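What follows is a short report on a single structure.
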Amino acid sequence: MSTKAVKLIQKVTWVGSIANIALAFIKITIGKLTGSQALIADGVHSFSDLVTDTAILIGSRYWTAPADKEHPYGHGRFETLTNIFIGFILAIVGIGIGWDSLHSISTQSHSQPGMLAFSAAVISIVVKEVLYRWTAVQAKSINSRALYANAWHHRSDALSSLPVAIAVIANYFFPSFHYLDQIAALIVTVMILKASFEILWPAILELTEAKADSDIEKQIQAYAAEDKDIKEVHAIRSRRTGSTILLDFHLLVDPEMSVERAHNITENFKTHLLNELNEVVDIIIHIEPYNCQERIINPCCDDCDNNKV
C-alpha cells in the first residue's frame, strides 16, 4: 500500500475520532440530563468507536508495511486482526447495552425524555451517516477492508440512533408507553451485534484460510480460455490476507513446447491476471504438460480422440 493510502487512512480515521468524541459527549450528557436510557446507550456506542479508531490508527502502520524477509507475504494479517478486534469491541458494547436495558426494565426505571434528547439523536444520525458515506468511499478507493469495517461502524451508530429518536419522540407524545426507551435500547443492541458479526465472520474465515472469492476461479478460467496456448488451468487456490488476495494454480501447456516458451506464456498470463483482478497481488503458477497424467478438466479415456494433444 502506498504512502498516500496510509495517510488517507490516518486522515479519515482522525476525522471520525473527533466526531465520535463530540457525539459521545453530547449524547451521554443529554441522556443523563433527560433520563434517556437509549440515548446513553447510543452515546456509549459512539464512545466505543474511539477504541476502533485507535485500532485503525495503530494497525494501519503495520498492515501497510511492505513485505520483508520475515514476512514474505506482507503484513496483511494485521488488518485481519484489526477487524477481529473491531468486531469483538462491537459485540461487547452491544451485550453491555442490552444488559443495562433489561436491568432498567426489571427495576421499573422508566423515563420520559423530551425534545432535547430527540435533537441529539437526530444530529447523531445525520453526522454518522455522512461519516459512513465519506469513509466508505475512501476505503473503496484504496481497497482497505479495515477502513470499510470502520465505515460500517459509523453506519451502525447512525442506525442505532434511529430507533432512539423514534422512541424519544413517541415517548414525548405518548408518555404512558413506559418501555419505549428501553425497547429502543434493545433494538440498538441487535443492530450492534449484527454489525459485529458482519465484521467478525469474514475476518475469521481469513484466519482459517478460507477460499477468498468464489468468482475468482471463474474469472481465471474465462481468461485462460481466451489464450490458445493455455490448454487447461486447474487446482486453483486463493486466500485472503487483509485487503489482498494470493493465488496459486496449475497451468497446462503443450508438452512439446520449450521451457522458455512455456515460461513466457505463464508470465504473460500472470501479468494479465494481476492487471484484471484488483485485489490479487501475487500469483504462483505451476507449469505442467498437457498429457493424460496431468489433465483433470478434460481427462483422457482408453479409446477416444481426446487422448491426442
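Backbone N, Cα and C define each Cβ position, glycine as well.
If you look up TrEMBL, you'll see 14-207 marked as domain 'Cation efflux protein transmembrane'.
Annotation source TrEMBL lists domain 'Cation efflux protein cytoplasmic' at 213-290.
Annotated transmembrane segment per TrEMBL: 81-102 (among others), in sequence order. Tertiary neighbourhood of the transmembrane segment (81-102): same-chain residues 37-38, 41, 44-45, 48, 51-52, 55-56, 59-60, 63, 145-146, 149-150, 153, 156, 182-183, 185-186, 188-193, 195-197, 199-200, 202-204, 207, selected by CB-CB distance under 8 Å and a gap of 6+ residues from either end.
According to TrEMBL, the feature transmembrane segment maps to 114-137 (among others). Among residues of the same chain six or more beyond the transmembrane segment (114-137), those with a C-beta under 8 A of the stretch's C-beta atoms are 12, 15-16, 19, 23, 26-27, 30-31, 33-34, 36, 39, 42, 46, 147-148, 150-152, 154-155, 157-158, 161-162, 164-165, 168-169, 172.
The feature transmembrane segment is assigned by TrEMBL to 158-177 (among others). Remote same-chain partners of the transmembrane segment (158-177), defined as residues 6 or more beyond its termini with a Cβ less than 8 Å from a stretch Cβ, comprise 36, 38-39, 41-42, 45, 111-115, 117-118, 121-122, 124-125, 128-129, 132, 183-185, 187-188, 191-192.
Long-range contacts of the transmembrane segment (183-201) within the same chain, counting only residues at least 6 positions beyond its ends with a Cβ under 8 Å from a Cβ of the stretch, are 37-38, 41-42, 45, 83-84, 86-88, 90-91, 93-95, 97-98, 100-102, 104, 149, 152-153, 155-156, 159-160, 163-164, 166-168. Sequence annotations record features per position, and here TrEMBL assigns transmembrane segment to 183-201 (among others).
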